[in-house]
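As recorded in Swiss-Prot, the features of this protein are as follows:
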- Leu89, Gly90, Arg91, Gly92, Gln93, Phe94, Gly95, Val96, Thr97, Lys112: ATP binding site (BINDING)
- Asp397, Asp399, Ser401, Thr403, Glu408: Ca(2+) 1 binding site (BINDING)
- Asp433, Asp435, Asn437, Glu444: Ca(2+) 2 binding site (BINDING)
- Asp469, Asp471, Ser473, Tyr475, Glu480: Ca(2+) 3 binding site (BINDING)
- Asp504, Asn506, Asp508, Arg510, Glu515: Ca(2+) 4 binding site (BINDING)
- 83-341: domain 'Protein kinase' (DOMAIN)
- 384-419: domain 'EF-hand 1' (DOMAIN)
- 420-455: domain 'EF-hand 2' (DOMAIN)
- 493-526: domain 'EF-hand 4' (DOMAIN)
- 1-74: region 'Disordered' (REGION)
Amino acid sequence: MGQCCTGGGKAVAGDEAEPGTSKAAPPSRGTSSKNGSAKQQPCSPAAKAAATEAAAAASSSKKPAGPIGEVLERPMEEVRTTYSIGKELGRGQFGVTHLCTHKATGEKLACKTIAKRKLANKEDVDDVRREVQIMHHLSGQPNIVDLRGAYEDKHNVHLVMELCAGGELFDRIIARGHYTERAAAALLRAIVGIVHTCHSMGVIHRDLKPENFLLLSKGDDAPLKATDFGLSVFFKEGEVFRDIVGSAYYIAPEVLKRKYGPEADIWSIGVMLYIFLAGVPPFWAESENAIFTAILRGQIDLASEPWPKISSGAKDLVRKMLNINPKERLTAFQVLNHPWIKEDGDAPDVPLDNVVLNRLKQFRAMNQFKKAALRIIAGCLSEEEIKGLKEMFKNIDKDNSGTITLEELKNGLAKQGTKFSDNEIEQLMEAADADGNGIIDYEEFVTATVHMNKMDREEHLYTAFQYFDKDNSGYITKEELEQALKEQGLYDANEIKDVITDADSNNDGRIDYSEFVAMMRKGSGCAEATNPKKKRRDLVL
């Protein structure tokens with residue numbers, strides 16, 4: 001939504017760690033004293049975050065403690081006791097974000113509300129709990145969104161955090177109208193500094209992209225804030241993660257191979273640097289699978305326009321950040337010490353070709369269109385549909401083992417009358433079977449089939465198309481797109497022409513249904529085609 005320091009709904013990221021390692025226990029980087037003793041004991045970031053939460057809960061109210069909440073595992077408390085809730089800022093299937101005001105101070109903040117009924121299993125609950133722990137752990141860092149409080153009542157979990165009124169990172173680039181390598185270096189320096197902080201505190205973000213960096217205000221000197229820690233995890237040095245999470249253009253090759261660590265964040269920032277300098281992603285294709293294939297090849301184009309005009313220092317840094325071998329890739333600290341990125345470094349203060357700025361405008365505009373469409377699709381997924389998938393699993397799992405094989409899945413889906421092709425079922429099994437043992441369990445099945453059977457189905461794409469096609473003419477016109485984006489709070493008059501131009505393959509000045517579907521499926525913004533544990537907070541924009 002680009003207006004508050006929050007990514008919206010809750011993300012799912014389960015079974016990330018290599019067997020035998022701690023899923024949410026980072027390296028012991030801090031100390032704590034026991035009963036005032038001078039003796040220091042190791043304290044992990046997760047433990048410190050939990051302690052911070054407990055302290056916040058203990059000091060937030062003088063009233064008698066309420067019943068313990070099953071999500072945050074501390075006394076439940078009404079968020080409206082402290083904050084007044086204002087206008088809606090964004091909505092999706094799994095939650096809604098409102099403007100809120102602190103009653104005592106008048107401070108304007110953002111309140112993200114997650115409906116507890118949407119937390120379908122223990123993994124979902126653990127993910128919300130971990131997101132809160134990580135945000136508490138990172139609290140106080142100047143360029144990371146500040147979580148002011150986490151509240152739980154009978155029906156919801158509420159996360160109150162800073163309001164970022166300055167828009168997205170792309171907004172700053174585009175608004176200035178001119179752009180230099182030195183400006184790109186300054187942006188990258190801020191971003192890498194944030195990631196260096198996260199890594200030094202034992203946190204991998206796992207979803208770094210321009211949309212997750214917001215400006216605190218509209219001022220020229222407004223600080224950049226990293227947001228959306230819904231996919232983030234605590235890590236220990238040497239720990240290996242296996243979940244495929246992130247956004248398609250920015251996913252590192254080792255993530256696709258299900259064996260990665262903090263180096264994956266550096267790859268994502270390298271992709272961002274490429275986009276800052278060229279205006280397009282380095283790995284571009286007509287479908288997610290083709291994008292992933294290109295990523296795995298790791299061949300980057302530094303010869304086409306505008307690269308001949310880009311400095312050798314910038315190209316050197318791009319190569320070193322997009323090294324396909326994570327062991328040879330630069331660390332955040334090494335990036336910050338590269339000659340091109342330093343404050344008085346080698347990045348020239350010469351305007352980049354206008355084509356770069358125009359490409360950035362078009363790239364951002366299409367993201368906004370897709371955001372609006374995904375929001376409509378999210379509304380198509382009812383709680384009843386999800387419950388139906390749970391019942392489907394029970395019927396397929398005849399021996400009540402809690403797992404099903406590929407053949408059981410094929411037979412069970414056929415008996416259920418669900419129209420999956422063999423290829424879809426095989427993709428489903430491959431994506432969901434994280435440990436490669438040939439079976440999927442209940443939670444994997446539900447999260448995977450929600451995507452395969454709901455998110456990308458024709459009827460939901462058509463529903464989204466109809467939302468934009470206000471007069472039911474079979475076409476989305478410039479005026480209809482303007483109206484729809486205004487309704488979604490994503491409107492920018494300067495971007496509408498770029499959106500139409502990019503999607504309108506037959507150049508008739510409007511978007512028909514086939515062009516709309518092609519646009520939605522071309523280089524989709526999230527890794528759902530391969531990731532059964534879909535990024536739920538992408539649907540709350």
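Note that the numbers count up from 1, one per residue, in the order the chain is shown.
For all residues, glycine too, the Cβ spot is worked out from N, Cα and C.
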Candidate binding-site residues Thr97, Asp397, Arg510, Glu515, pick with smallest Cα gap to Glu480 (Ca(2+) 3 binding site): Arg510
Integer mean pLDDT for the domain 'EF-hand 1' (384-419): 66
Where Thr403 (Ca(2+) 1 binding site) falls in three-state DSSP terms: strand
Using Cα positions only, nearest of the binding-site residues to Ser473 (Ca(2+) 3 binding site) (Asp399, Asn506, Asp508): Asp508
Candidate binding-site residues Thr97, Tyr475, Asp504, Asp508, Arg510, pick with smallest Cα gap to Asp399 (Ca(2+) 1 binding site): Thr97
When distances run from the Cα of Ser401 (Ca(2+) 1 binding site) to each of the binding-site residues Thr97, Asp469, Asp504, the nearest one: Thr97
For Glu408 (Ca(2+) 1 binding site), nearby residues of its own chain (Cβ under 8 Å, 6 or more apart in sequence): Ile396, Asp397, Lys398
Proximal residue to Leu89 (ATP binding site) among binding-site residues Asp469, Asn506, Glu515 (C-alpha distance): Asp469
Neighbours of Asp397, Asp399, Ser401, Thr403, Glu408 excl. site residues, C-beta within 8 Å of centre, Ca(2+) 1: Ile396, Lys398, Asn400, Gly402, Ile404, Thr405, Ile439
Secondary structure at Glu515 (Ca(2+) 4 binding site), reduced by DSSP to three states: helix
Distance, Thr97 (ATP binding site) to Asp508 (Ca(2+) 4 binding site) (CA atoms, angstrom): 38
The one of Asp504, Asp508 whose CB sees the fewest other CB atoms within 10 Å, among these binding-site residues: Asp508
Same-chain residues at least 6 apart in sequence whose Cβ lies under 8 Å from Tyr475 (Ca(2+) 3 binding site): Asp469, Arg510, Ile511, Asp512
